[in-house]
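**Student:** There's a structure below that I have some questions on.
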């Protein structure tokens with residue numbers, strides 16, 4: 001009986017760990033259905049970030065047409081002035097998926113033509129970062145960020161988080177069935 005209780009406890013921990021892992025990261029399509037393009041108003045992407053809480057591990061999907069737009073991570077000063085000096089490489093193939101790290105602030109622009117000056121730029125504040133002070137679209141100043149690995153391939157985006165929740169739910173059902181079978 002003690003062995004069965006230990007097995008059930010272990011299975012419960014596995015299920016909880018799976019549920020927590022599936023709930024930690026979100027995928028945001030930058031600009032939602034408008035994607036990553038020159039917006040109609042220069043504050044479009046600032047407004048887009050309103051009421052969104054970004055966490056380390058979240059994925060930003062920049063959906064754009066290759067050769068018409070790109071995505072470059074820049075410093076806050078370069079974001080403010082639309083200076084086209086990237087941190088690391090420029091993602092030139094759309095869509096581009098970028099995973100947020102633990103830094104408090106991330107700044108992205110399009111380096112093509114005057115796209116940045118026309119509002120194709122995005123500032124992200126990561127909630128819960130060690131020096132994050134707010135969750136608004138007007139991030140606080142931070143030290144010069146270090147490069148974050150980016151994806152420059154044209155692989156399809158990951159499935160929506162509802163698909164991962166479905167997979168976790170199915171996994172949980174299988175584990176529950178195994179536990180019941182073991183008890184009988």
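Including glycine, each Cβ sits where the backbone N, Cα and C put it.
Annotations for this protein, taken from TrEMBL, read as follows:
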DOMAIN    26-128  domain 'Phytocyanin'
REGION    127-164  region 'Disordered'
COMPBIAS  129-141  compositional bias 'Low complexity'
TRANSMEM  163-183  transmembrane segment
**Student:** Could you break down the residues of the domain 'Phytocyanin' (26-128) into DSSP helix, strand and coil, giving a count for each?
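**Tutor:** Tallying H, G and I as helix, E and B as strand, the rest coil: 15 helix, 30 strand, 58 coil.
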**Student:** Take every residue in the domain 'Phytocyanin' (26-128), average their pLDDT values, and give the whole-number result.
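**Tutor:** The average pLDDT of the model in the domain 'Phytocyanin' (26-128) works out to 97.
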